[in-house]
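First comes the structure, then the notes that go with it.
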Protein chains: 2
Amino acid sequence: MASVRSVYSSDDTERPEFKTNFGVDYVIHYEIPPDGMLRFTKTQALFQAHTDPERTEAAKAEASFVQLIEALASVGLATEVRRGDDTSLLIFLKIASEDLLKQQVYRYRVQDWLYGVRASAPNKDVALYFENEPVVEAEKLRLVYLLITKPKSEGGAGVTPKIGQWKFVKSVFPLHNHTFNKHFIKQLSTKYFIEENDINEIRDKFGEKIAFYFAFMQSYFAFLLFPAAFGFGAWLVLGQFSWFYAIVNSLWSVIFFEYWKKKEVDLAVQWGVRGVSRIQHPRSEFQFERVVEDPVTGEHVKVYPPLKRLQRQLLQLPFAIVCLLVLGSLIIFCFAIEIFLSEVYNGPLKQYLVFLPTVILTVFMPALTTVLTNFAEKLTVLENYETQDSHKAAFVQKMFVINFIVSYLPIFLTAFVYVPFGKLLVPYLDVFHVTAQHFAKDGKIEIKAFEVNPDRLKKQIIYFTVTAQVVNFLLESIVPLVKRTVFKAVKEAKSEVRHGNTRSLHNDPVEESAFLDRVRNEAELDVYDVTVDYREMVVQFEHALTGQNLGYLSLFSVIWPLTGCSFLVNNWIEARSDAMKIAISNQRPIPWRSDSIGPWLSSLGFLSWLGSLTSAAIVFLFNRDPYGPDGLPSNVKGWALLLSVLFAEHLYLLVQIVIRYVISHLDSPGVQKERAERFAARKLLLQETLSDSLVESAAGSNFTGPEKITRNALEEEARQASISSSRQATPEQLFWQRQRGAAEAIQIGRGLISQTAQAIKTKDQ
Amino acid sequence: MASVRSVYSSDDTERPEFKTNFGVDYVIHYEIPPDGMLRFTKTQALFQAHTDPERTEAAKAEASFVQLIEALASVGLATEVRRGDDTSLLIFLKIASEDLLKQQVYRYRVQDWLYGVRASAPNKDVALYFENEPVVEAEKLRLVYLLITKPKSEGGAGVTPKIGQWKFVKSVFPLHNHTFNKHFIKQLSTKYFIEENDINEIRDKFGEKIAFYFAFMQSYFAFLLFPAAFGFGAWLVLGQFSWFYAIVNSLWSVIFFEYWKKKEVDLAVQWGVRGVSRIQHPRSEFQFERVVEDPVTGEHVKVYPPLKRLQRQLLQLPFAIVCLLVLGSLIIFCFAIEIFLSEVYNGPLKQYLVFLPTVILTVFMPALTTVLTNFAEKLTVLENYETQDSHKAAFVQKMFVINFIVSYLPIFLTAFVYVPFGKLLVPYLDVFHVTAQHFAKDGKIEIKAFEVNPDRLKKQIIYFTVTAQVVNFLLESIVPLVKRTVFKAVKEAKSEVRHGNTRSLHNDPVEESAFLDRVRNEAELDVYDVTVDYREMVVQFEHALTGQNLGYLSLFSVIWPLTGCSFLVNNWIEARSDAMKIAISNQRPIPWRSDSIGPWLSSLGFLSWLGSLTSAAIVFLFNRDPYGPDGLPSNVKGWALLLSVLFAEHLYLLVQIVIRYVISHLDSPGVQKERAERFAARKLLLQETLSDSLVESAAGSNFTGPEKITRNALEEEARQASISSSRQATPEQLFWQRQRGAAEAIQIGRGLISQTAQAIKTKDQ
């Protein structure tokens, strides 16, 4: 894929292929295996010869292709086939007719209404309805994707990339809308704030899930202005370890968290997706143990015993422990070496050796993290969830554990182990000394006396919040670009070696040629092998990053108040770089819906809460005047530390309750819109479902009916009573006949009142 | 009112008045003032003479009476007037016709449906509908009460007892169903467990609010079996202050709390009241600042600025501090005297003086509590809530603070002040010594050396969980009985003095006489003057009591593990005594609906959580082996104490999350019923609202339509394309015309596959 410059800076007229998608909704990238047995499975092929002699891989691919086109046609998708690269086809899909699309949209909107996502049922006048509520691009693409991938039993084509019958389907992706993307990138890169309007546009093109991400980034950015400004002020005036900064910072994180929870609901309502998380997409990999008939709906439901799942979920505990042990020992090991080298060791090669821990970390950390992530995924698969959402949430939970250890453990070690206990622990580092002596020629190594370095904590924070962020950003945005460019060059070179000229191989019609080349490029973009839905996970990882930042901010920013400033810049760049990633360097994402930022929400809450504990502990430990003789906290009282932590935590929880209460009582446009919709829907339903007289009585404002009824009823009853009383009246009948109608009751009552009143008066006097 | 024995033990035939209510739904107790000016307002009367010379109080009462009967008649209530006691009338009400009742029921059920309380709209065939879902007594009584009390603008008679125009209306109450009550009491008093069936009966007669209370009592009783048995075992084997007991007890309280939250939802669904708390009854005392037109519904809404309310709510903080100071100083004062007297003082009159603190507490505590409760009520009124529910919840919150201090502060003092710091603090008690010396004749008082009494804590717990419970029960059940009997005797005596014979005064018809006497009795039952809805508050207070017990259990039972046994017995009796109260010694309650046990739920959660802290602290402080030289915790490390509390709390929170997760994944009959209803409703709505073809496509199971549509559409498109291509085709049209239909796409695709596969093979070899 070309760089941004080459795509968007050039004159529009120059690259007409970016201006049209030829009406294509989706492209299926279809892989073609070589004709004949695969060489490395010769024995396997021999073995297979008995059972299936003629079916070579290519033949299978061909048969599967036929099934694919038929399946797609059967659900109403038009197809065009073109050459892909040397070993693949491109199958272009579009929904065959407007009517079919509208039918699909209507159907899903009715489903939404039934699940309570939409307040009102779609209008029966379809033409008028679609004029009022048109279909946006994201909705169309989502429905077409569902049409392609849903099981046949649910009316889809049942195409599941890379699985079973469809193993030759490499990917199914929508084509980028480059006209919009260009506008989108331009908008974002020239603005400080992403505006409401931009987010709505994102929603229309990329779906609510991605729109939520940008909305969150935007809110976070706006909120970051405060800790950036306040942090700068605190840095100037209050210095490090200020309890005032800690309190304000904690308060800020509570307010932000509660604000976002409200905002989230608001956006969901505005976008009409409130509650869509209830409409769950089944996970195709779900393994069921038995099929049970639902006592309610009579449908056959695949069941996996929840107790069995619970047992497997318990494996998370050993998993977390293993993560802590594995990552923890690596971190502690490097930490120990580093301390030894930088603060104790004074021998030869010191200037090179200090880089040793960084090298070890850089080499082993990603490897270990990858292994553990794979492990987390296996564990999640083992837990065997019914729906994609619960699967993803469970995976994110495990990722959070890994992330947490990698991101925060080093700082925890410095703050709560190295500084307070450094003097006690450093002697144990003699083991390195002994090791070093082995390698030294004269068997003797210079060492200096150990001093706890109180500046280490600040340096570490600056490393994590500035240096690491920059490095990370570079790695994230430049490495993939280089990788892709190299890969593409290699591929093209190969192709050229084979055929001399690319164009002649593809044999494209002139007017399509540029477009097809563009699609071939898009097909190559970021096709991760990890899971089918990796593209979605990307957004989750971005959330992880943001969450990490928020974590540093609430957990440790009291050490270095400028953290907020750093993240303000970082956040601005991050949002733009993510936009680039989505618009250019990745395949266009499937525009899924969502009604929140998902499982990260609870992680953010957790970090914010933990921040109240760590901030209190750090302030207590380090903000002491006078310092000990070595400028360090020396006379720390354990109970006082714990008491301040305990106090801070409960203060935090109390404040959270109060803020939650206050925010829940604020009105908001989303909530108001929902109320309006529900009210309108109720009114409509009432009019439709009930007869007029009942509507009147149910509306209740002018309730005139009963009075007449009563008078009549009373007269009728009185008449009937007089008839029956002429016969034999029961005591009950007699009781109610003493006063016939209200008039008589009034008359008799008045008599009784004046009698009684008189009697009391007489007696009192 | 007669005692239980006299009401229910006698032969049925003897007391026919208990077998019929003469079809009466409600009775209005109407007060008659003496004729003429009230004596104590003579100056006022003189002043009034200018404006309203002829209107004496009695005349006003008469006019108001006429308005009352007219208002009642206008909403369809039949009335009969009878003499009450010497200074009152009894107005008997029944709904005038079955049709009106059904109309009302239908209307409210439609409202329920609109608010999502009922899953399905009432059937349009009214006769059939009421056959399937008949009206139970509680529903009828509730609707009639609403008819009487709702404002005229909402279709009611607008009768608000004791307020404004209706100040002569002393009370509005339904008549007891004594046939049922007898059966109910008999059931309960002969059973260990209140069964599901009994609770459903309670619901049908007394409404869901009271049914919820009994359901809660029943669940609590069943759950208490465990701590009773385990506590007994722990008492035998583990002794006091066992950490194992503390953990099990905490775990139990979490499980019970989470179980009940689930059960509550379950019951609400079964009773069809899930979500009724959303249908709020407006509070008639609500003061609005301005009327605003609702932007959504166009209705006029009375508004009180929430920020202003928030300001007033902040007064709760000083209120809580005042409560703590006032009650706290009384408690500390008595506590100090008691310690001085029992453990230091050894002078004359010791055997009498030891009762001094108890006397002081017994005299001042109820007085102070009453004052503070009144204050809490005023504060709640000041907070000016729109709805009855929020008003009540706010009041309960304040009551909880008072209750908490009264119930638990003494034990907190003993456990966390007296025992650890006793030796330090007791010297300050010398002030009593000096005081005592003043009164002593010889100016000298014997004292003994102070020793912290480690048994005091246990004794105190036993006092609170056994002695106080028994005393409380006796006060609650016997005192009102005595009071009532005395009052009635006095009243009758007065009456007799005046008229010689009651019967002759009342001048009742023979066949009604016994019934009217019974109603006169019921009218006298527990007419508290505090608030209009005191009858409801009774249930709240019962909850408070139960909550208090649960509090002792989770906070302090580690001190004396037999607490569970004590409460098991107590709970059994309490439930029966409450049943008696509801059925006999109080007016029949208005059968309100409810979907939970209300604001006490969060108090229970709070107590359970707090239990994890106190239990850990108590175990840590007292479970030490070896004890200090005086058998007391001497070498307590502050940090270790705080660490164990911190650890216990977070363990508790973690376990809570796990248990919540597990319980939320269990299926339950209520949830299943709800699912079934929603499913049925959805299906029905779909069929009603949408045309057949759309139903088919939305049902989605046999999705055959699109294929045909597609084929047609494709052919049509192809035809159109060929027409247009004969003219000037756009590149887009050309793109989609290269392969006409799926068949051609398949053909060309197969060709491409075999070519490509061949090419790869050739190249690879």
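Using the three backbone atoms N, Cα and C, a Cβ is placed for every residue, glycine included.
Record features, source TrEMBL:
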| type | residues | note |
| --- | --- | --- |
| DOMAIN | A:23-169 | domain 'Anoctamin alpha-beta plait' |
| DOMAIN | A:202-677 | domain 'Anoctamin transmembrane' |
| TRANSMEM | A:210-237 | transmembrane segment |
| TRANSMEM | A:243-260 | transmembrane segment |
| TRANSMEM | A:317-340 | transmembrane segment |
| TRANSMEM | A:352-372 | transmembrane segment |
| TRANSMEM | A:400-421 | transmembrane segment |
| TRANSMEM | A:461-482 | transmembrane segment |
| TRANSMEM | A:597-622 | transmembrane segment |
| TRANSMEM | A:642-663 | transmembrane segment |
Long-range Cβ neighbours of the transmembrane segment (A:597-622) (under 8 Å; 6 or more residues past either end):
212-213, 216, 240-243, 246, 249-250, 253-254, 256-257, 260-261, 264, 389, 392-393, 396-397, 400, 412, 415-416, 419-420, 454, 457, 540, 543-544, 547, 550-551, 553-556, 558-559, 633, 636, 640-641, 644-645, 647-649, 651-653
Residues of the domain 'Anoctamin alpha-beta plait' (A:23-169) by DSSP state, where helix covers H, G and I:
74 helix, 22 strand, 51 coil
Can you tell me the mean pLDDT for the domain 'Anoctamin alpha-beta plait' (A:23-169)?
80
Is the transmembrane segment (A:400-421) close to the transmembrane segment (A:243-260), in the sense of at least 3 CB pairs under 8 angstroms with a sequence gap of 6 or more?
no
Residue numbers, six or more beyond the limits of the transmembrane segment (A:400-421), whose CB comes under 8 Å of its CB atoms:
319-320, 323-324, 327-328, 331-332, 335, 339, 365, 369, 372-373, 376, 452, 454, 456-457, 460-461, 464, 544, 547-548, 551-552, 555-556, 559, 603, 614, 617-618, 621-622, 632-633, 636
